[in-house]
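Chemist: Feature list, courtesy of TrEMBL:
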ACT_SITE  B:Ser176  active site, nucleophile
ACT_SITE  B:Asp342  active site
ACT_SITE  B:His375  active site
BINDING   B:Arg246, B:Asp376  substrate binding site
DOMAIN    B:73-380  domain 'AB hydrolase-1'
REGION    B:1-29  region 'Disordered'
Amino acid sequence: MTHIDTANQTVAQAGTVAAAGAPPGANAGIRVDLQLIASLVAPESRVLDVGCEDGTLLSYLWQTKRVDGRGIELSMDGVQAAVAQGLSVIQGDADTDLKDYPAGAFDYAILSQTLQATRNPRGVLEDLLRIGHRAIVSFPNFGYWRNRLHLVTQGRMPVSRCLPSQWWATPNIHLCTIRDFRDLCRELGVTVEAAYALDSQGRKSRLSADGSLANLMAEQALFLLRRK
Amino acid sequence: MTDQVDSHDTQTQDDTAAARVPERGAELPRGQDQRVVLGHDKPLRLDCGIDLGPFTLAYSTYGSLNAEKTNCILVCHALTGDHFVADPHPTTGKPGWWHQIVGPGKIVDTDRFFVICINVLGSCMGSSGPAETDPATGKPWGMRFPVITIGDMVQAQARLMDALGIERLFAVIGGSMGGMQALEWAHTFPDRVFACVPIATSYRHSAQNIAFHEVGRQAIVSDPDWCGGDYLEHDKRPERGLAVARMAAHITYLSEQALHRKFGRRLQDRSTITYGFEADFQVESYLRYQGSTFVDRFDANSYLYITRAMDYFDLAEENGGRLANAFMGTKTRFCVISFSSDWLFPTSESRAVVHALNAVAANVSFVEVQSDKGHDAFLLDEPEFHETLQGFLDGAAEHLGLPRRGEG
């Protein structure tokens with residue numbers, strides 16, 4: 001736990017499950033947030049990972065669950081790395097390229113830490129749930145207490161482990177809180193099958209992401225959604 | 001390189017060894033530069049409506065077919081290419097056009113895969129084409145050879161696969177016109193193609209590309225030595241026309257950056273301009289050389305026929321105007337590759353193929369390789385491209401249950 005900076009200690013002490021996983025960077029498998037996502041995916045299902053980076057999750061899903069995985073990634077370096085591993089990944093953009101896919105083509109559409117960077121999050125979410133029977137979506141929670149405190153006490157846009165960039169450099173153009181996201185799900189008539197409050201490293205909190213406490217205490221959130 | 005007794009060093013059509021090869025049953029010859037005559041009983045019905053048969057295909061094979069016949073890779077060549085993919089060209093003596101990619105231990109590993117490359121129908125390296133003899137007249141076909149299409153080329157290749165007893169190809173790979181054939185294979189024979197790699201290509205020839213081809217064709221037919229296409233009978237060759245066609249086409253294979261890097265405005269063997277029309281600039285001298293060497297190895301009428309085949313290619317038009325229809329229900333794994341500086345087959349064309357494949361939820365990878373070498377990049381040393389192709393083939397082999405690299 002020594003690697004966790006002070007900004008996260010409160011959350012780590014208050015709510016996280018004791019760190020069973022190795023810290024990021026250790027060779028003990030993939031990041032904990034990706035492990036949590038993988039745990040929600042049924043074996044041998046069809047998965048579209050939107051913003052798949054170098055294909056770490058897809059590779060893990062193939063190795064451990066024989067998942068028929070596809071990926072979309074914006075950065076050419078990420079695509080190149082993924083395809084060179086034998087993964088089915090295309091260079092593309094969540095905002096423009098999801099519309100090509102037919103309805104129900106996948107069992108799961110995954111969007112990890114990307115929703116807040118899209119131009120049209122509502123459209124993207126609708127597309128995810130059109131393409132996939134279920135969607136797995138994670139995002140930084142702007143309602144996290146430190147973000148609120150930062151804004152109230154310093155009068156400046158929060159910069160934290162989950163939101164590392166200054167306002168003028170950030171790709172995050174549509175930040176939201178857990179409560180905001182739930183409102184959108186309700187409006188779209190989407191069923192929330194599971195919701196998790198996460199700390200800055202994606203470790204699952206004991207807090208239920210249903211409660212308002214999570215909106216205050218969770219740095220990130222992860223939702224498993226289903227079309228009604 | 002080969003233990004086949006009937007390998008050919010020359011390109012003769014009236015070849016008795018090839019004529020003896022039965023269409024089915026017995027083993028077809030393997031190794032470099034083989035011939036097979038197909039379509040004895042069942043001629044090839046061409047898209048233009050004419051039946052062609054019997055017809056000859058020249059081909060080379062590398063490596064060995066496994067017992068299950070599941071490890072065959074078909075490599076499709078480009079407009080002026082041939083079946084000498086990994087071994088030296090008989091006319092020029094230059095290494096095979098894809099020797100960096102195809103060979104023992106290479107990306108298309110002939111230690112693991114049975115690799116076959118077939119000279120396309122209409123070409124001039126041994127397959128039936130306008131320079132070969134029309135069996136009906138005993139004279140060269142010339143312009144009496146029927147107009148062929150990319151689809152016809154692929155149908156002819158499929159006949160050869162039938163004759164080899166290969167039901168399904170592990171992969172079809174090709175760049176430029178070879179990529180068109182790869183797409184056509186995946187469209188026409190979806191159950192016979194496990195993996196498809198269209199490189200630096202498109203689902204249809206653009207207006208600009210048709211325009212460039214027309215410049216080349218007009219250069220050829222304007223040459224008095226073309227003789228209405230019957231130059232062989234007159235013991236002539238339209239060398240000037242063909243050379244100009246090649247010069248124009250060659251520009252489209254490069255990029256502005258590549259030309260600038262290679263030549264800039266540097267002068268050729270002189271310190272100052274001559275106020276004349278000699279090749280003052282290096283780039284002029286280079287193009288003239290490209291043109292003059294091309295005529296030694298390529299037939300002018302073949303150039304007309306094959307450019308036409310590319311012009312006619314349009315997978316969208318053939319499928320109700322919607323490209324996705326061409327791949328409906330496909331189970332083939334695709335890897336689409338483009339090059340950032342290719343303006344002949346720009347990335348946008350590859351992306352259109354990818355979008356169509358997404359629309360049918362096909363299994364597709366897509367990489368745009370950053371390169372300043374233009375269209376020809378697919379023939380050159382491009383490590384990023386090679387890594388992509390290697391990774392895709394390894395992944396596909398794993399999914400099909402073929403041995404991994406090094407497991408032989």
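Indices start at 1 and increase along the chain as displayed.
Cβ atoms here come from the backbone N, Cα and C positions, even for glycine.
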Chemist: If one measures from the C-alpha of B:Ser176 (active site, nucleophile) to the C-alpha of B:His375 (active site), what distance in angstrom results, rounded to a whole number?
Modeler: 8
Chemist: Do you know which of the recorded positions B:Asp342, B:Asp376 has the most other C-beta atoms within 10 angstroms of its C-beta?
Modeler: B:Asp342
Chemist: Helix, strand or coil for the residue listed as 'active site, nucleophile'? Use DSSP.
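Modeler: DSSP assigns the residue listed as 'active site, nucleophile' to coil.
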Chemist: Taking the Cβ of the residue listed as 'active site, nucleophile' as the centre, how many other Cβ atoms fall within a 10 Å radius?
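Modeler: I get 27 for this one.
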Chemist: Using a 10 angstroms cut-off on Cβ to Cβ distances, just flag whichever of B:Arg246, B:His375 is the loneliest among these recorded positions.
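Modeler: It is B:Arg246 that, of the recorded positions B:Arg246, B:His375, has the fewest other Cβ atoms within 10 Å.
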Chemist: What average pLDDT is reported by the model for the domain 'AB hydrolase-1' (B:73-380)?
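Modeler: Here the predicted model's pLDDT, averaged over the domain 'AB hydrolase-1' (B:73-380), is 97.
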Chemist: From the Cα of B:Arg246 (substrate binding site) across to the Cα of B:His375 (active site), what is the distance in angstrom?
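Modeler: Cα-Cα distance, B:His375 (active site) to B:Arg246 (substrate binding site): 15 Å.
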Chemist: How big is the Cα-to-Cα gap, in Å, between B:Arg246 (substrate binding site) and B:Asp342 (active site)?
Modeler: 18
Chemist: Could you state the whole-number distance in Å separating the C-alpha atoms of B:Asp376 (substrate binding site) and B:Asp342 (active site)?
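Modeler: Between the Cα atoms of B:Asp376 (substrate binding site) and B:Asp342 (active site), the distance comes to 8 Å.
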